[in-house]
């Protein structure tokens, strides 16, 4: 995750702003600079290489002292920064909005995946600039639309029906901010269209998840898509979701946290997010993740007969 101000800076033209990507030499200069405390939140002028990000964001970059940041000296950083600027420059950002836009925290890996989709000549985003920019505006929170299959970050498609597409995320192969844990495995499920879904399609998805991904929990971060994650990583996801939700509420950005379909979401996660929306503390909410829940009546009778036992997957073993 990183603020948009880590990728670009605004330049006032007439009554709106044009966004310009940083180059990595300017960032490198900023990372070595001594800056007074009062200037930490201001864009840094490297004199030689142009404008650089505010020094308060130093920890967002990978250095000898901080291996958890972005690999800003890669070509991928430049590609992501340019893509963000293209999207922001396609709309009008006024002086009253610019600070809020640049302070927004976005998923670096999501944006790298959109670059990969853009460069894949078999992908619809390669052929449609309009759809590409729409995908980026959704990714950076500038659009209220949810991420659907056409505008998704992408990955490897492992399941699809008339309503849903399930992607295996490819973060291990990333250049900008790769996941280093070689045991990482996670999926995302997007809606093909943002419209009501038939019970038949939901039943097909639940059957797939129950038989092929029975070692995973289905959760949501509230943004209109599902995540399929290892049970061992659920607590970590809970911490992140709770922190994001509370920070947004504190800054006055009211989030419409989408709980999604209770028949698909893991029961304990649904309880956790419902409790969070009611205003309870993190400790109170997290206890619900580890409680034994009363099994609800199966909304899909006969579901277990949809697959033969020899089809049970070993994904996640």
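Every residue, even glycine, has its Cβ placed from backbone N, Cα and C.
Within 10 Å of the C-beta of residue 108 (ATP binding site) we count 23 further C-beta atoms, all protein chains included. Taken from Swiss-Prot, the feature ATP binding site covers 107, 108, 109, 188, 221, 222, 223, 227.
Per DSSP, the secondary structure of the region 'RNA-binding' (205-241) breaks down as 19 helix, 9 strand, 9 coil. Residues or ranges marked as region 'RNA-binding' in Swiss-Prot (evidence: sequence analysis): 205-241.
The Cβ neighbour count for residue 225 (active site, for NTPase and RTPase activities), using a 10 Å radius and every protein chain shown, is 22. Here Swiss-Prot flags 225 as active site, for NTPase and RTPase activities.
Shown in sequence order, 152, 153, 155, 166, 167, 169, 225, 226, 227, 228 are the residues of the chain, 6+ apart in sequence, with a C-beta less than 8 angstroms from the C-beta of residue 188 (ATP binding site). Those residues noted as binding ATP (107, 108, 109, 188, 221, 222, 223, 227) have their most widely separated CA atoms at a distance of 18 Å. Over all protein chains present, the Cβ of residue 223 (ATP binding site) has 16 other Cβ atoms lying within 10 Å.
There are 16 other Cβ atoms within 10 Å of the Cβ belonging to residue 107 (ATP binding site).
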